[in-house]
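Q: The domain 'TTL' annotation in Swiss-Prot covers 40-380. If you look up Swiss-Prot, you'll see 167, 173, 174, 211, 212, 213, 214, 224, 225, 226, 254, 255 marked as ATP binding site, on the strength of similarity to another entry. Taken from Swiss-Prot, the feature protein binding site covers 173, and the record attributes it to similarity to another entry. Annotation source Swiss-Prot lists L-glutamate binding site at 248, 272, 357. The feature Mg(2+) 1 binding site is assigned by Swiss-Prot to 326, 339, with similarity to another entry given as support. According to Swiss-Prot, the Mg(2+) 2 binding site annotation covers 339, 341, on the basis of similarity to another entry.
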């Protein structure tokens with residue numbers, strides 16, 4: 001399955017046109033024959049099992065009608081369990097769109113993500129040299145457990161005293177994670193997994209990754225945080241939120257699902273910043289050049305991670321995907337990729353969060369373009385910017401420099417001022433004029 005030809009990164013974000021195997025060859029075809037076909041339908045039939053902000057956005061979209069049970073649908077925002085059980089034997093007409101790629105887990109399972117990134121780094125070193133391969137050095141040293149246990153022990157003994165973190169490869173929201181510094185802790189864990197496997201031969205041992213813990217995270221007010229950036233494959237969500245740890249440095253897991261278990265958790269108090277606020281804060285502390293370098297490095301994470309799976313993602317024109325990238329910044333302003341989520345939470349934790357996710361989802365639907373209004377030549381749709389088209393995309397000549405930094409030519413606006421409503425009005429008015437002129 002192929003993500004759409006345009007890997008777009010969300011409001012306040014950047015867009016990526018995916019590498020070849022991740023292209024939707026029919027993206028540009030949304031305009032003519034498909035458009036006429038869709039205009040003949042009275043409505044777009046949608047289905048979803050997610051009762052959150054997404055449902056509100058879908059129900060309020062003009063011309064969209066909800067279908068339930070096994071009724072025919074044109075657009076299905078499904079969960080990954082449905083995909084796993086039904087995708088291979090579900091017939092879909094050409095116009096139908098579904099919200100996941102068949103093997104999205106090549107990027108979203110922690111062990112597969114690391115495996116693909118390591119393989120891609122070696123490929124770059126062979127084909128383009130060490131300098132280019134070094135652009136993949138954005139994930140901590142990681143080992144899959146238990147199959148790489150002996151390699152891990154060798155690395156552990158080379159660097160005594162550092163902290164490691166163990167994560168289940170297929171779980172989310174901070175479940176099953178623990179920190180350790182002693183080899184005895186991992187030996188005990190290994191014994192536990194072996195004994196449970198001996199007792200139940202039909203249940204496989206749950207795989208983990210052992211990952212070097214980032215011990216010098218950037219702190220704001222003494223608090224650790226990570227960034228959640230939404231990436232639509234097809235742009236980077238610019239008004240994405242900065243997930244701030246709710247306690248001081250003793251809170252190691254900055255996942256909002258974990259923060260909600262804190263006794264003093266309050267959804268309206270300082271748990272999240274917008275990325276725009278974060279960027280302004282960093283610029284005041286470190287200057288615009290350092291901040292531009294940081295955000296350029298974050299853009300590199302999106303591009304290289306998608307390129308790492310271009311040979312393994314199954315291409316399908318029916319599919320798109322909204323990924324949630326979790327990124328940690330260290331004290332040297334270096335970004336680290338922690339994980340990629342196939343089902344980022346679309347449930348709002350506050351009114352501000354609800355408004356942000358509403359904009360994110362509305363723009364996602366604009367880019368997926370079930371209504372066939374786009375031409376396929378757009379570089380920006382609402383909060384989404386086209387960032388990659390078999391190579392980096394430059395800003396249009398005469399476009400304002402929203403970063404305020406000058407000489408910023410890449411078509412990316414992560415954390416910049418984002419008047420998406422004005423942009424959408426201008427875009428759809430222009431498309432309407434073009435349509436009338438051609439009819």
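Here, residue 1 is simply the first one shown, and the rest follow in order.
Using the three backbone atoms N, Cα and C, a Cβ is placed for every residue, glycine included.
Let's see these features in context: how buried, what's close, how far.
A: Per-residue pLDDT, averaged over the domain 'TTL' (40-380), rounds to 84.
Over all protein chains present, the Cβ of residue 212 (ATP binding site) has 18 other Cβ atoms lying within 10 Å.
The local packing around residue 272 (L-glutamate binding site), expressed as other Cβ atoms within 10 Å of its Cβ over all shown chains, amounts to 24. Secondary structure at residue 272 (L-glutamate binding site), as computed by DSSP, is strand.
In the structure as shown, the Cβ atom of residue 326 (Mg(2+) 1 binding site) sits within 10 Å of 19 other Cβ atoms. In the three-state DSSP reading, residue 326 (Mg(2+) 1 binding site) counts as strand.
Under the DSSP three-state reduction, residue 341 (Mg(2+) 2 binding site) is assigned to strand.
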Q: Non-local Cβ contacts of residue 339 (Mg(2+) 1 binding site) (under 8 Å, 6 or more apart, same chain)?
A: 108, 110, 113, 167, 326
Q: In terms of DSSP three-state secondary structure, what is the assignment for residue 167 (ATP binding site)?
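A: Reduced to three states, the DSSP call for residue 167 (ATP binding site) is strand.
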Q: Measure from the Cα of residue 357 (L-glutamate binding site) to the Cα of every one of the binding-site residues 212, 214, 225, 341, then give the nearest.
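A: Nearest listed residue in space: 341.
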Q: Three-state secondary structure of residue 225 (ATP binding site) from DSSP?
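A: Reduced to three states, the DSSP call for residue 225 (ATP binding site) is strand.
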Q: Please classify the secondary structure at residue 212 (ATP binding site) using three-state DSSP.
A: strand
